[in-house]
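Participant: I have a structure here, written as structure tokens, and I will follow up with some questions on it.
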Amino acid sequence: MVGSGTSHGDAGKFKSFGVVLKLTYSKNSSIFGSFVSGVLESLDEKNGFSYFEPVSILAVHDHTDEYKYTLVNGGNGHSGLSEDDGGESLSLSDVKGGVCSVIRERTLRFELEYRSECANASCSPLHRDVGYVPSFMFFRHTRCVDNGKMQILLAFRNSSALGRTMFPFDPNTTLIAEGAWDEKENRLYGVACQILNFPHSSSDAFVGDCSTKFSLRFPMILSLRKRGSLVGQIWSNETENDPSNFGKIGFSGVRQLSVGIPGLKYEYTEIDGARKSCANKNTAKLKRKTYPEGHSLDMRFNILLRNSERQTAYGFASPLFVGDQLYTNQHDGLWQNQRPAFHQSNNSGNPLNISYEITFVSDFDFGGRIPISREVEISAEGIYDRDTGLLCMIGCRHLGSTSQKLMNDHSLDCNITITLQFSPLNTAGIDHVKGVIESTRSKSDALYFGRIDLSSRSIYTPQAEESIWRMDLEIIMVLISNTLACVFVGLQLFRVKKHPDVLPFISVVMLIVLTLGHMIPLLLNFEALFVKNHNQRSAFLQSGGWLEVNEIIVRMVTMVAFLLQFRLLQLTWSARQSGDSEKGLWGADKRVLYLSLPLYICGGLISWFVHQWNNSKQSPFLRPHTKFYVVQPKEIYQKSSLWTALKSYGGLVLDGFLLPQIAFNLFSNSSKEALSASFYIGTTLVRSLPHAYDLYRTHSSSGYLDFSYIYANHKMDFYSTAWDIIIPFGSLLFAFLVFLQQKFGGRCFLSRWYREGNVYEMVATVSSEELQGESVQKNFYSL
């Protein structure tokens, strides 16, 4: 195949080049013909600017239906397996699609457990020295048929970072295998082969040395110390004296696929220890307080951990089993419809047995001198009292060390106690879960760690439902509010049409403020009219369609309000330009601008200063977690942006939109009824009602979900108990002053001296000249 491509050249410029791709497919339809080899060559001259050296290619071919399984026929995969492989296994006979539907085409990660101490390549399943003894195995099948046979790739690495999103295919560390599910033994048996001759040439690579065998099964019973939901063994079929022989290696994967297979059970082993740790906790039952049920969504949550040095880590906690039933809200499961229904009768005891999985990424030292991974996994089990919301557990921390000796002898640290206190469902607080993780080891122990405080601000399900209902209500309120804004501007246009003489007496500065107040949100959100914006609210509701449609409607109504407001500004401007008699009104508006502009700038600077001061304290705010919305740990806390602070200040300016009109009436001493009562009173109410609603919402809502606010949005104005009282009263005061000015004159609220001072001065000047003229006339007539 011949083609062309582009790449980044020097100085950031793109360069184009011609290529030829040569691929070679094997005619062998078995595992020994699985490779596609080839080379990518440049068509440019060797000294050319776009020339590059040939690139070798090696890939695994996705065979057609003609593929023949040659390694697992006749039970070849069963030889060499010990009789006792670790207990009962789950049957897949009741799972639709069998093993192919359970082990889908996805990458599974397993941690290797060496059965004998080793520190060199003789323990490795790889028959070549790659510079390390693998700690992790990645499993991915490339094809699977209904009878349970599959082709598999096994990759061996010393890090778990790779392979989370895609299979880490490296011919030097990858085996290609075939496996078959045994219905009688309830396990997968397989034979794996090395990829040979690859370091020399990809075109010469071939499959050979198929002496490695493995088995895979789903344990029927899980426990605190045995959480591997998918376990197995890998071993060599060579003799002990063979240099390629290696000892038997176990592997296990936590939170894999067995949660969806019927028959899975859990065995509690540390309930007595958890009950003893709870005995010292005196938590009284609060009257009329209800706490989350053990099987509810509220039992899984994001967590924030903090050590004694105030260092933080973020993670997630979720039940595995509640009583004798699998926790039905497991987010890692793939077969929701195959999970057993939760029978409350089997789990109605109090306290309730419960097991947990807690995972977090720690940037601080967690466990003394033992080198561990930044990702911490804690399995826990204990008792939960639904009358007090107290959860006491014994935990086992998985020590993810690269030391094979540690993996053999000390793979778990089970000297950990975990205590969590849930808040009542109807609480108004933010921290719904508070707790502590402590080590019961002595301080001199290498695995000892200091006290870790735990908290969660995930919201409860009733609060989420309340927020969804409230969001629907607020959407309607926004539509009504914007529609009323259009109506009030329309009534003002109707008034000026009947009385065009009042147009010059409307403050242009006020109209500019109102017009910008409608225009800027439209410019900032213009893409929402045409492009779907999947934001946090959409994720929270699981379907963003309803919100997006209403957001578009709101913006369309806002655009209508903007056009009407702009039309009013245009008419006022044109009326001012029509005659020379209106020059005094332009002067009054200039004074309004000289007065209001410094006020607005000073207010903006104060808003910026307060924003910087608040962010210096790094105030966190809530991020939700419900069955609809799961956030990543790094998103739990976030500083407010400067733009958000400026938008809130802009909302305050709009709340005081009548200030320029009051100043204009004052400077021009106008008593014209330029503004209709419906316009300035109605617009004032439209701006004030969100604050009254926010005051009600703050004192009536049990949860805090700032990002879900649509009406009285905290990002669009200043909202607090103080602001919600000051702003409406201030706006109503401004409206009352406009009413007085239009009825009694622009300076009616000033003292008599200020109101009439200029008139006295003008009369005194005129009367003096007139008296002089009259005396001359009298002298003339006397002659």
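Placed from the backbone N, Cα and C atoms, the Cβ positions cover glycine too.
Reproduced below are the annotations present in TrEMBL:
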- 1-56: domain 'DUF2921' (DOMAIN)
- 111-249: domain 'DUF2921' (DOMAIN)
- 275-453: domain 'DUF2921' (DOMAIN)
- 463-752: domain 'SWEET-like' (DOMAIN)
- 475-495: transmembrane segment (TRANSMEM)
- 502-524: transmembrane segment (TRANSMEM)
- 552-571: transmembrane segment (TRANSMEM)
- 592-610: transmembrane segment (TRANSMEM)
- 721-740: transmembrane segment (TRANSMEM)
Participant: Taking residues 6+ outside the transmembrane segment (721-740), which of them lie with a CB under 8 Å of any CB in it?
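Facilitator: Contacts with the transmembrane segment (721-740): 652, 655-656, 658-659, 661-662, 665, 675, 677, 680-681, 684, 687-688, 691-692, 694-695, 698, 748-749.
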Participant: Using DSSP, break the domain 'DUF2921' (111-249) down into helix, strand and coil residues and give each count.
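Facilitator: Output for the domain 'DUF2921' (111-249) reads 6 helix, 67 strand, 66 coil.
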Participant: Mind tallying the domain 'DUF2921' (1-56) by DSSP state, helix then strand then coil?
Facilitator: 6 helix, 29 strand, 21 coil
Participant: Residues of the same chain, at least six outside the transmembrane segment (592-610), with any C-beta under 8 angstroms of its C-beta?
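Facilitator: Long-range Cβ neighbours of the transmembrane segment (592-610): 507, 509, 642, 645-646, 648-649, 652-653, 659-660, 663-664, 667.
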